[in-house]
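Peer 1: Quick paste from Swiss-Prot:
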SIGNAL    1-17  signal peptide
CARBOHYD  Asn42  N-linked glycosylation site
CARBOHYD  Asn150  N-linked glycosylation site
Amino acid sequence: MRYIIILAVLFINSIHAKITSYKFESVNFDSKIEWTGDGLYNISLKNYGIKTWQTMYTNVPEGTYDISGFPKNDFVSFWVKFEQGDYKVEEYCTGLCVEVKIGPPTVILTEYDDHINLFIEHPYATRGSKKIPIYKRGDMCDIYLLYTANFTFGDSEEPVTYDIDDYDCTSTGCSIDFATTEKVCVTAQGATEGFLEKITPWSSEVCLTPKKNVYTCAIRSKEDVPNFKDKIARVITRKFNKQSQSYLTKFLGSTSNDVTTFLSILD
């Protein structure tokens, strides 16, 4: 009688076995499934075009499980199957290249004597102990990102937006040089072109306050030239002796006129 009761309990449990929730997510090709359900399950995966199921986990309870390396890194669909006794359920995914999300890039600012370098490090996938940048790799869906950087100078509340050209990028990241004497804060976001339509979150903001050994003034139009002339005139007065001031002031005047003429032609 005791054995009959035990068998009955097992039979009842198998009837009520059910996956109550399921979620697949892949960030930078770090792929995980999260699920809830009663009892222990065998979990396997099958890629489109392949007949056999690959066993990933055996007799495991609900939770979050890493399945990186099992789905193909391409556009083919795949299925995840849960089995407990006679109970089976299959979850469908449209394909890793479609589903994968790309995390934010990393922004690095480095000051040099006459300029500041902005380096945008590509998001990367982790394989074992290796970090592999996500940039035009066939085994990562040929994904590459075009970056937009927001520069905030000094006390300005409005950032200056700049689109990074892919010609400024290598397999590790993108690099541009600029100059400023003001504190600058930079954040960057990446986006793909084409039908994949992947957009990263904005990176953490990185700030740098340069040393005052280079004097610059932004000129966007001829209306900015007087401000440039006044600023450089103050530098000449405060940093050079009277003999040098005379020559430099004349040079500043002729340079300002040349810049104004050039900008007028562009207008």
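Heads up, the Cβ atoms here are built off N, Cα and C, so glycines get one too.
Values in this document were obtained by computation on a predicted structure and should not be read as measured data.
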Peer 1: CB neighbours of Asn42 (N-linked glycosylation site) within 10 A?
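Peer 2: There are 16 of them.
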Peer 1: What is the separation, in Å, between the Cα atoms of Asn150 (N-linked glycosylation site) and Asn42 (N-linked glycosylation site)?
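Peer 2: A Cα-Cα distance of 48 Å.
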Peer 1: Through the lens of DSSP with three states only, how would you label Asn150 (N-linked glycosylation site)?
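Peer 2: The three-state answer is strand.
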Peer 1: What count of other C-beta atoms do you get within 10 angstroms of the C-beta of Asn150 (N-linked glycosylation site), across all chains shown?
Peer 2: 17
